[in-house]
Amino acid sequence: SCLLILLGLGLGGIVLAVAKKAEYQLEPNMFFLFLLPPIVLDSGYFMPSRLFFDNIGAILTYAVVGTLWNSFTTGAALWGLHRAGLMDPGVEAGLMDFLLFGSLISAVDPVAVLAVFEEVHVNETLFIIVFGESLLNDAVTVVLYKVFNSFVELGPAHIHATDYVKGVASFFLVSLGGTAVGLLFAFLLALITRFTKRVRIIEPLFVFLLAYVAYLAAEMVSLSAILAVTFCGICCKKYVEANISQKSRTTVKYTMKTLASSSETIIFMFLGISAVDTSKWAWDTALVLGTLFFILLFRAVGVVLQTYVLNRFRLIPLDRIDQVVMSYGGLRGAVAFALVILLDRTKVKAKDYFVATTIVVVFFTVIVQGLTIKPLVTWLKVKRSDHHKPTLNEELHEHAFDHILAAVEDIVGHHGYHYWRDKWEQFDKRYLSQLLMRKSAYRLRDEIWDVYYKLNIRDAISFVDQVG
């Protein structure tokens with residue numbers, strides 16, 4: 001990621017020197033419509049769904065409460081700096097302008113987090129919490145951004161109490177609506193692949209087409225497109241993988257990975273190229289340093305406070321070392337840059353200063369934090385991910401413990417997580433799997449036979465790889 005940004009800076013510098021103007025920019029429409037969807041789809045489709053839903057409470061807390069905390073505290077603190085006279089007089093911004101800037105600069109970016117955390121190989125729980133937060137907090141970020149942007153356009157004098165109520169309501173509408181769109185298209189995709197046995201060649205096409213249509217449909221009705229494609233990927237995979245052929249599964253996997261990697265490459269290069277265009281930004285040292293200090297400070301404080309509350313309910317608590325990595329892993333990226341470019345200069349007078357600050361924050365978090373997080377993880381002796389494949393014995397014991405814990409919860413009358421998961425699995429087995437899977441695929445769902453079959457296939461592939 002760092003090398004791609006530096007390469008982009010170099011290319012941008014050459015173009016600027018030759019053409020005397022910056023020819024290429026990371027356009028927000030290109031980013032949101034073409035570059036972001038493949039990355040989010042890849043993340044959702046290959047998300048370890050059990051791990052994700054095991055930690056959904058923590059992920060939602062950090063994504064919603066954490067983003068709200070970071071946005072309001074960063075914006076208010078920067079406004080305080082401005083009121084104290086520490087910023088350049090050219091930074092013409094009020095409280096709403098700073099809250100708007102705080103909302104876009106607080107977004108933990110899934111592209112940057114994925115690029116860095118996949119290299120570091122921290123343990124699965126830590127990875128899924130930070131990565132899940134970076135995916136889901138975009139719903140909060142986009143809503144806050146739109147609400148504060150409309151408040152800035154209205155002007156502080158014209159904002160009424162009903163506008164604040166509408167803002168809160170729009171948050172729930174955008175996030176829950178986006179999720180509902182994703183679930184609807186996941187259902188459609190699973191249902192369609194049930195009937196593609198005679199036309200195997202178009203199976204991968206349906207997977208990409210319907211996932212992208214889910215993104216566009218949510219975007220068209222101003223819902224969270226990122227949540228739509230994330231939940232479409234997470235919820236359809238089980239049924240789609242059971243329905244489509246082995247060749248189609250391989251095609252989907254490698255095409256998705258290729259598109260996501262290509263998009264990441266283009267995004268980081270364009271970030272470097274866009275930063276060279278000095279006509280689009282203006283510098284203020286107090287704003288830049290203040291933003292860097294406040295985003296680091298308030299993220300650390302927010303993580304500590306939220307983890308303190310969450311650990312009272314978690315079976316496996318997050319220790320101090322995990323909290324340090326989570327605080328340090330809040331990387332900002334192209335989402336923040338695209339949102340700041342979308343600002344209207346006539347309404348937000350300080351747009352040029354905000355653009356410069358965003359570029360510095362993105363470069364600092366990706367280059368400085370991104371490069372130092374691996375040594376930090378090694379120095380703190382953070383538990384790394386264990387890549388061994390589970391044995392048949394381990395998989396059978398895991399299923400057995402799930403049923404035992406659900407039974408214990410049922411006996412003591414406490415309907416907790418295991419109870420509801422067991423109920424969902426029964427509902428899925430009785431209705432959804434029978435509706436969304438081909439009969440031949442569903443017959444193979446006998447659990448012990450299924451595990452044995454998967455391990456046999458895995459051993460055969462491993463044997464062929466080793467022996468040739």
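A Cβ is built for glycine as well, from the same backbone N, Cα and C atoms used for every other residue.
Those TrEMBL annotations? Automatic predictions, nothing curated.
Record features (TrEMBL):
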SIGNAL    1-17  signal peptide
DOMAIN    2-379  domain 'Cation/H+ exchanger transmembrane'
TRANSMEM  29-47  transmembrane segment
TRANSMEM  59-78  transmembrane segment
TRANSMEM  98-117  transmembrane segment
TRANSMEM  168-192  transmembrane segment
TRANSMEM  252-273  transmembrane segment
TRANSMEM  285-305  transmembrane segment
TRANSMEM  325-343  transmembrane segment
TRANSMEM  355-377  transmembrane segment
Report yes or no: does the transmembrane segment (325-343) come within contact of the transmembrane segment (168-192), defined as 3 or more CB pairs under 8 Å with a sequence separation of 6 or more?
no
Would the transmembrane segment (355-377) and the transmembrane segment (98-117) count as touching if the test is at least 3 Cβ pairs under 8 Å, pairs 6 or more apart?
yes
Would the transmembrane segment (285-305) count as touching the transmembrane segment (29-47), if touching means at least three Cβ pairs under 8 Å and pairs must be 6 or more apart in sequence?
no
Folded-back contacts onto the transmembrane segment (252-273), same chain, C-beta under 8 angstroms, at least six residues removed:
1, 4-12, 15, 22, 24-26, 31, 34-36, 38-39, 41-43, 45-46, 111, 114-115, 203-204, 207-208, 244, 333-334, 337, 359, 362-363, 366
For the transmembrane segment (29-47), what are the same-chain contacts with Cβ under 8 Å, counting residues 6+ beyond its ends?
110-111, 114, 128, 131, 135, 208, 211-212, 215-216, 219, 225-226, 229-234, 236-237, 252-253, 256-257, 259-260, 262-264, 266-267, 334-335, 338
